[in-house]
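Here's the structure, in structure tokens; my notes come after.
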Ligand SMILES: Nc1ncnc2c1ncn2[C@@H]1O[C@H](COP(=O)(O)OP(=O)(O)O)[C@@H](O)[C@H]1O
Ligand SMILES: CC(=O)N[C@@H](CCC(=O)OP(=O)(O)O)C(=O)O
């Protein structure tokens, strides 16, 4: 395709997206490779300059795990959620808020835009309550495990993000929430991104991961478009498993909550966000109601 044709193919999308809000979840694996992260941020900045209101919600699970191990702590998960004691919460806050969030804001600045870093504590952005005890089956026996300082989201107060977006900043959000008593809780970043997309009335939620999208059971083909009911069938027959479950969960929450499209794309390949949004064919999976 000629260069002018590529640009003209993007025009109707640019017109449609202008002034709309987009929430991009940066997956934990992208966080350990600066080049991968930089490519995603460059795409986000292009979206910002074509007039979209951009919010980046990041993970950092692999880095929290690494830091815990370095400090002699063994990471444990129940249903994909990290069991979080006092010390783990401190490590998670250090890694997510102190390191990763700040690092992303710096990269945004290096790419020529202004980012503001927030955790869910800021302006009561993400309010949550402790999940508490969860049932797990070990062998033949059912046990109850207390997840500790892990939160389930009760409410998003998007005013602080709205204020930043209105003033032309890119919002960068770490997955830490605050409870009613003002204590911090660790929350899953996919869930946070879905809830924030709903609360902001976003036009799109993009979830970046390490595969090309939602794939069939044999992992040979990517589904380009899926309806919520189809994702439910793929969950029921085990096609969607492991780390893909919370991603689909947050996409389903988002589209059910009024976000017209949620996308899952490969963050390890350069500029997949732009190719998914600005080309007719797309490159990942688009989920709609
Ligand atoms: N149907 C599916 N299609 C694609 N990937 C799947 C599917 N089911 C499970 N997965 C797994 O989900 C993983 C993505 O989740 P995860 O590793 O948690 O990503 P991230 O760290 O980017 O948040 C993929 O690498 C893949 O192993
Ligand atoms: C409660 C819980 O599990 N919180 C996550 C927060 C980070 C996250 O979600 O990071 P990814 O997107 O990289 O998985 C954790 O501690 O790993």
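A Cβ is built for glycine as well, from the same backbone N, Cα and C atoms used for every other residue.
If you check TrEMBL, you get these features:
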type	residues	note
DOMAIN	21-266	domain 'Aspartate/glutamate/uridylate kinase'
SITE	25	site 'Transition state stabilizer'
BINDING	60, 61, 82, 186	substrate binding site
SITE	247	site 'Transition state stabilizer'
Cβ neighbours within the same chain of residue 25 (site 'Transition state stabilizer') - under 8 Å, at least six residues apart: 57, 58, 59, 189, 190, 193, 205, 206, 207, 208, 247, 250
Per DSSP, three-state class assigned to residue 247 (site 'Transition state stabilizer'): helix
Which of 60, 61, the listed binding-site residues, has fewest other Cβ atoms within 10 Å: 61
Candidate with sparsest Cβ neighbourhood (10 Å radius) among 82, 247, the listed recorded positions: 82
Sequence-ordered recorded positions from 61, 82, 247 with Cβ under 6 Å of an atom of ligand 2: 61, 82
Under 8 Å by Cβ from residue 186 (substrate binding site), same chain, sequence gap 6 or more: 82, 84, 88, 89, 92, 149, 150, 151, 175, 176, 177
